[in-house]
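Enquirer: A single structure is presented below for examination.
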Amino acid sequence: MDKLLINGGKALHGEVVISGAKNAALPIMAASLLASDHVTISNVPHLKDITTMMELLGQLGAHLIVDEKMNVQVDSSQVNEFVAPYDLVKTMRASILVLGPMLARFGKADVSLPGGCAIGTRPVDLHLKALRAMGADITVKNGYINARCKKGCLQGKRLMFDTVTVTGTENVLMAAVLAEGITTIKNAAREPEVVDLANFLIQMGAKIRGAGTSTIEVEGVESLNGGTYSVMSDRIEAGTYLAAGALTRGQVTVKKVRPDTLLSQLCKFEEAGAELTIGEDWVSLNMHNKRPQAVNISTAPYPAFATDMQAQFMAMNSVAEGSSTIIETIFENRFMHVQELQRMGANIQLNGNTAIVHGVEKLTGAPVMATDLRASASLILAGLVAEGETVVERIYHVDRGYERIEEKLSLLGADIKRVSDR
């Protein structure tokens with residue numbers, strides 16, 4: 001099993017090109033099942049979750065061609081299987097995203113209940129409730145969601161999510177584009193990745209209004225065409241590298257980004273004392289060798305501060321000047337990195353969904369274990385600033401969401417390498 005060896009204490013300097021967003025690429029790849037012709041998706045990151053989605057689409061009968069630049073061509077005209085098996089779905093929660101497209105286009109889908117990061121309860125009940133309201137007959141038995149269309153096709157409805165759900169919004173959005181009539185989704189997720197999916201669907205012929213707001217309206221069409229689409233850049237990867245620059249007191253520029261999707265993070269970096277310069281598709285952060293100031297964080301759905309950046313900011317606050325409060329409102333079990341940061345000398349107290357972080361002068365390298373995707377990123381960041389060697393175990397988690405993270409950090413001056421126990 002691979003692990004990362006990090007010798008910390010070096011300020012990071014330089015530029016890093018940000019990859020395509022995993023959380024946009026996965027639903028877009030799932031949406032290719034809706035098209036009557038082949039689609040070509042570019043700027044797809046080379047990640048384990050992406051490979052899993054490719055395997056899943058292939059299992060369903062889609063034909064995929066991938067070139068050396070990770071341009072992915074999907075032809076779903078020959079789809080002849082309607083079961084998303086446990087062996088694939090268990091490793092990736094986003095596998096649930098094939099449910100809406102399969103149900104809308106083929107009228108049936110059997111999807112194993114999803115897996116992914118062990119960061120608490122992320123039920124699919126909201127997805128199923130909405131699809132049932134649109135006319136689907138759904139049962140859950142032996143670990144599988146068995147969905148069928150009662151009337152041959154889904155019916156447009158007025159839907160209201162009880163809580164904001166990104167994958168739920170995406171699943172229903174994809175189902176609605178081929179439904180009969182108009183579907184209105186209230187309390188819809190506003191994340192940029194939802195907008196990216198909507199733009200992809202619109203390019204293929206879908207009729208969608210309001211993506212990026214809390215109310216999305218979809219007028220169903222008979223079929224979708226093929227097309228070509230470039231996935232948006234990864235705002236969480238961008239924020240992670242900016243955080244690496246901030247906590248090492250360095251200067252880092254992230255390129256090929258959309259600054260408008262980073263506003264909640266950028267405000268907090270400025271509050272921490274960073275000097276920011278923002279261009280059309282890049283952001284430069286410069287700490288001028290200053291220790292960051294502690295910043296308070298409260299996670300919430302977009303456009304508020306992203307839960308996927310909480311762990312990285314906790315690493316920064318661990319070595320910041322002053323004390324901070326971090327409140328996690330999205331997931332109930334997303335502080336699993338705290339115990340590992342404490343092994344490195346971080347001063348953190350937990351009380352329910354709140355962490356109190358007292359910044360210390362330095363962290364000390366230690367063997368630590370990644371427990372989920374973003375927790376692994378926080379441990380790597382902590383290793384970059386710690387004195388001595390940090391060994392991060394179970395980095396298959398980080399490989400699910402960061403493309404070549406050790407190579408990109410090395411280009412910024414980090415002393416980091418991947419080694420294998422094999």
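Just so you know, glycine gets a Cβ as well, placed from its N, Cα and C.
Pasting the relevant annotations from Swiss-Prot:
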ACT_SITE  C117  active site, proton donor
BINDING   K22, N23  phosphoenolpyruvate binding site
BINDING   R93, R122, P123, V124, D125, L126, D308, I330  UDP-N-acetyl-alpha-D-glucosamine binding site
MOD_RES   C117  2-(S-cysteinyl)pyruvic acid O-phosphothioketal
Enquirer: Which of the three DSSP states, helix, strand or coil, fits K22 (phosphoenolpyruvate binding site)?
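Expert: In three-state terms, K22 (phosphoenolpyruvate binding site) counts as helix.
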Enquirer: Could you give the Cα-Cα distance between D308 (UDP-N-acetyl-alpha-D-glucosamine binding site) and K22 (phosphoenolpyruvate binding site), in whole Å?
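Expert: Per the Cα atoms, D308 (UDP-N-acetyl-alpha-D-glucosamine binding site) and K22 (phosphoenolpyruvate binding site) stand 12 Å apart.
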Enquirer: To the nearest Å, how far is the Cα of V124 (UDP-N-acetyl-alpha-D-glucosamine binding site) from the Cα of N23 (phosphoenolpyruvate binding site)?
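Expert: A Cα-Cα distance of 17 Å.
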Enquirer: Rounded to the nearest Å, what's the C-alpha distance separating D125 (UDP-N-acetyl-alpha-D-glucosamine binding site) and N23 (phosphoenolpyruvate binding site)? Just drop the number here, would you?
Expert: 20
Enquirer: Counting across all protein chains present, how many other Cβ atoms fall within 10 Å of the Cβ of L126 (UDP-N-acetyl-alpha-D-glucosamine binding site)?
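Expert: The answer is 20.
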Enquirer: Work out the three-state DSSP category of L126 (UDP-N-acetyl-alpha-D-glucosamine binding site).
Expert: helix
Enquirer: Taking just the CA atoms, what is the gap between P123 (UDP-N-acetyl-alpha-D-glucosamine binding site) and N23 (phosphoenolpyruvate binding site) in Å?
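Expert: About 18 Å separate the Cα atoms of these two residues.
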